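Colleague: Supplied in structure tokens, the structure appears directly below.
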Amino acid sequence: MEDAYARSVSEVLDFFGVDPTKGLSDSQVVHHSRLYGRNVLPEEKRTPFWKLVLKQFDDLLVKILIVAAIVSFVLALANGETGLTAFLEPFVILLILAANAAVGVITETNAEKALEELRAYQANIATVLRNGCFSILPATELVPGDIVEVTVGCKIPADLRMIEMSSNTFRVDQAILTGESCSVEKDVDCTLTTNAVYQDKKNILFSGTDVVAGRGRAVVIGVGSNTAMGSIHDSMLQTDDEATPLKKKLDEFGSFLAKVIAGICVLVWVVNIGHFSDPSHGGFFKGAIHYFKIAVALAVAAIPEGLPAVVTTCLALGTKKMARLNAIVRSLPSVETLGCTTVICSDKTGTLTTNMMSVSKICVVQSAEHGPMINEFTVSGTTYAPEGTVFDSNGMQLDLPAQSPCLHHLAMCSSLCNDSILQYNPDKDSYEKIGESTEVALRVLAEKVGLPGFDSMPSALNMLSKHERASYCNHYWENQFKKVYVLEFTRDRKMMSVLCSHKQMDVMFSKGAPESIIARCNKILCNGDGSVVPLTAAGRAELESRFYSFGDETLRCLALAFKTVPHGQQTISYDNENDLTFIGLVGMLDPPREEVRDAMLACMTAGIRVIVVTGDNKSTAESLCRKIGAFDNLVDFSGMSYTASEFERLPAVQQTLALRRMTLFSRVEPSHKRMLVEALQKQNEVVAMTGDGVNDAPALKKADIGIAMGSGTAVAKSASDMVLADDNFASIVAAVAEGRAIYNNTKQFIRYMISSNIGEVVCIFVAAVLGIPDTLAPVQLLWVNLVTDGLPATAIGFNKQDSDVMKAKPRKVGEAVVTGWLFFRYLVIGVYVGLATVAGFIWWFVYSDGGPKLTYSELMNFETCALRETTYPCSIFEDRHPSTVAMTVLVVVEMFNALNNLSENQSLLVITPRSNLWLVGSIILTMLLHVLILYVHPLAVLFSVTPLSWAEWTAVLYLSFPVIIIDELLKFLSRNTGMRFRFRLRKADLLPKDRRDK
């Protein structure tokens, strides 16, 4: 029943055909169960394991590698090759792909926990009226039409419509659903508001929320998916994970690379058609097969097999850095997404604020001799911890606040006129509330004021354990005074009173709305000397002025008073709530976190816009935004603050314009948060969404990066990409800075691997065009790509963060990983790497003292060796020395190139290798591994290599070192943009323009 909130009680009961005094009959229960379904959230249909596995191979580069492995395997069989080396290449490729698939399957298997944990917010049992009798049943057996009894402390088992109240007031904490910082009062009256949001439905109790005060009965109007919690569940089912910017760019690069690889492979094969019939191949067909193998080797060389593993490893290392900043990353790709975040949609309650109501101001009458002289105190501390101090109007700390008469009586009244509990939770190492937030705030105030008559009170309190300290002062007052009778809060009186007995004196303490309390007072307690004087009209007007000023600061204001009553009185009535003595006013709020203002400023400096999203009313939220600097100190912020209903009423064009300026979005429901994220994403914004409640989960999952609070619900955490362990909004800023640094390092090692692969492609291509023997075997290329490239590339991820990383604007989502000028730079480096490798191969044949010292012509016509008379054996072309020299040149030149990647533009003389000792260590380890395969015989056989002489190592160094000089020249040109010889590829990147300029 969707409009139950707008129907009267009798209409709702008639709709379900239920008698409120008897409940449903057994036959009605069976009928309603068939009609409406069970009160459970349906489980999402799980993806079969085999589909998850196949999904991991749905990538163009992966498919190319699979084809390369299959072709390599078939060719080995066709040529009759045997032994481990014949099948090593396809085996290694498939092993890599299997490992990547395993990681992907594990990640996706863990991604569905949010939906399971949402069920934790469903109540387990319910007190239900059926067949005229109350019974306790599992909540899953509830059906629409059931009459349910609800009382303080119970969790609402389904969506209910209030039909009867057994107490003067009934309040529910529905923060997990709406984000409201205070509990909400409920009643049985129908709501006539059109397009009512959850906050407007004052007669509806939502599934999963908690009753904090009162007792009543309600009728079930929605179960399972047809509840507010169920709609959140459905939203999460409908949310697909978006690819991160880096994933998108790597996918684009993979597509581009695949096309280039295919083109080069075909070109190499076509260029060598004339060599198919060379006698050395044994026929045209076998020649075609030979050059097809070269094309396959080229594909293996061109594809950076280690790139997925290196990206994953670098992001994983980044998560460890972020964990030290209290940002726990649940989704690896979200690490780099932080770097291009342009908008943070921040939940207000519990994220920007502490979600702990606390008293921040106290107003008392100091004296009344010449008219009322008001004195204001401020109170520090923004949590439920009984830690904080009281300051006078001059900012001076009060050492013993309880010695002030008014503060002394405020503490008594706050403690005794109170039904809440403040306790310490050792498991969470935090103080927690049971009951109303406002009442707990008064309990905490009583602890901060302390007790009178003890000069050593502050130090004595500090010596207590946290468990004892939680309510030490409150317990003192409760032991001094015995509660005799309580007049509960009602909406018409707007106050609560409690009768207490103390030795030979009975006192009635009252608290409530200032206008109600002040109207019932005729005397004032003066803080100066503790005297009680009459309350004059001038004094009344001054007090009213003060509580209105508290309201302007959006403080929730309460007034406290007391009255001495005849000793032995056992009850009090509403008639006794007159002739009260005014004690003071307290102003409380859900305070902003102390570090939020600086964090907001840092976000603005970094070009990141913050939109505050809350279920609270507009004026309260606007006040918070002013305090944290979200409005950038503007007096007029029209066009920057909207309620959900105001925004929805705007035409589409104005909504688009409003999104560009919006800073505050108030009175929202979960669907509005998700809608906001989607609308911003349509404007090409990269959106981070923070939150801690169940109500935030759909938006957290939809956002480019969802950020949950560490103290938030399990649902929010599981739907998020990152969790802030310390609930500190400021940690987001540190995480963004680290995310930007990680992305910069990711670009560096991607460029490093690309330039290395370009070198390998150039090597094979040049060798094929020149017609010389195979320079490198496929297994050698795999070794270089996976081991000798992978280790330094991973270490590049440890490059230090730039000092100005948070002064730059967010990078554009469409920014290419490799832009025009940079592609040119790494193309130059890659070409040199390839030519140096080929040069090393040729050097051994032509110039090395250990080689045959052939002429260029003899080397390029090696296929005809058997047909001519030579001074050297034809078996020389199968010698492992030249390919070993070439492979070693490739490895060493790439180690020098790794040093080039310490910085994109800074010289090695400025940013020295000492700045990243991990990289130095990885280079040393790589060289040790390379030496290992050269000088350990079984490994040398496996990789078709042989030990090198000192002269050969010297040649390797001569051919490798110039890569440092070349890159230093290119860096110099980058730093001096006017000296690039007008080389401009930024507007015409080698990647498709429509992909780069989105």
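Every residue gets a Cβ built from N, Cα and C, even glycine.
From a predicted model like this one, the values you see are computed outputs, not experimental measurements.
Annotations for this protein, taken from Swiss-Prot, read as follows:
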TOPO_DOM  1-48  topological domain 'Cytoplasmic'
TRANSMEM  49-69  transmembrane segment
TOPO_DOM  70-89  topological domain 'Lumenal'
TRANSMEM  90-109  transmembrane segment
TOPO_DOM  110-250  topological domain 'Cytoplasmic'
TRANSMEM  251-270  transmembrane segment
TOPO_DOM  271-291  topological domain 'Lumenal'
TRANSMEM  292-309  transmembrane segment
TOPO_DOM  310-746  topological domain 'Cytoplasmic'
ACT_SITE  Asp347  active site, 4-aspartylphosphate intermediate
BINDING   Asp692, Asp696  Mg(2+) binding site
TRANSMEM  747-766  transmembrane segment
TOPO_DOM  767-776  topological domain 'Lumenal'
TRANSMEM  777-797  transmembrane segment
TOPO_DOM  798-817  topological domain 'Cytoplasmic'
TRANSMEM  818-840  transmembrane segment
TOPO_DOM  841-883  topological domain 'Lumenal'
TRANSMEM  884-903  transmembrane segment
TOPO_DOM  904-916  topological domain 'Cytoplasmic'
TRANSMEM  917-935  transmembrane segment
TOPO_DOM  936-950  topological domain 'Lumenal'
TRANSMEM  951-971  transmembrane segment
TOPO_DOM  972-998  topological domain 'Cytoplasmic'
Colleague: Can you check what DSSP calls Asp692 (Mg(2+) binding site), collapsed to helix, strand or coil?
Modeller: coil
Colleague: Whole-number Å distance between the CA of the residue listed as 'active site, 4-aspartylphosphate intermediate' and the CA of Asp696 (Mg(2+) binding site)?
Modeller: 8
Colleague: When a 10 Å sphere is centred on the Cβ of Asp692 (Mg(2+) binding site), how many other Cβ atoms does it contain?
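Modeller: So the number of other Cβ atoms within 10 Å of Asp692 (Mg(2+) binding site) is 29.
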Colleague: Pick the one among the recorded positions Asp347, Asp696 whose Cβ has the fewest other Cβ atoms within 10 Å in this structure.
Modeller: Asp347
Colleague: Let's see if you can do this one: DSSP helix, strand and coil counts over the topological domain 'Lumenal' (936-950), in that order.
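Modeller: Counting residues per DSSP class in the topological domain 'Lumenal' (936-950), I get 7 helix, 0 strand, 8 coil.
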Colleague: Same chain, outside the topological domain 'Lumenal' (767-776) by at least 6, Cβ under 8 Å from its Cβ: which residues?
Modeller: 268, 271-272, 275, 291, 294, 297-298, 301, 760, 784, 837-838, 841-842, 859-863, 877, 882-883, 886-887, 890
Colleague: Take every residue in the topological domain 'Cytoplasmic' (972-998), average their pLDDT values, and give the whole-number result.
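Modeller: Value for the topological domain 'Cytoplasmic' (972-998), mean pLDDT as a whole number: 50.
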Colleague: Which sequence positions outside the topological domain 'Lumenal' (936-950), separated from its termini by at least 6 residues, show Cβ-Cβ distances below 8 Å to it?
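Modeller: Those are 84-85, 88, 777, 779-780, 783, 850, 880-881, 883-885, 887-888, 956, in sequence order.
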Colleague: Using DSSP, how many residues of the topological domain 'Cytoplasmic' (1-48) fall into helix, strand and coil, respectively?
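Modeller: Per-class counts: 22 helix, 3 strand, 23 coil.
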Colleague: Look up Asp347 (active site, 4-aspartylphosphate intermediate) in the DSSP assignment and report helix, strand or coil.
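Modeller: In the DSSP reduction, Asp347 (active site, 4-aspartylphosphate intermediate) maps to strand.
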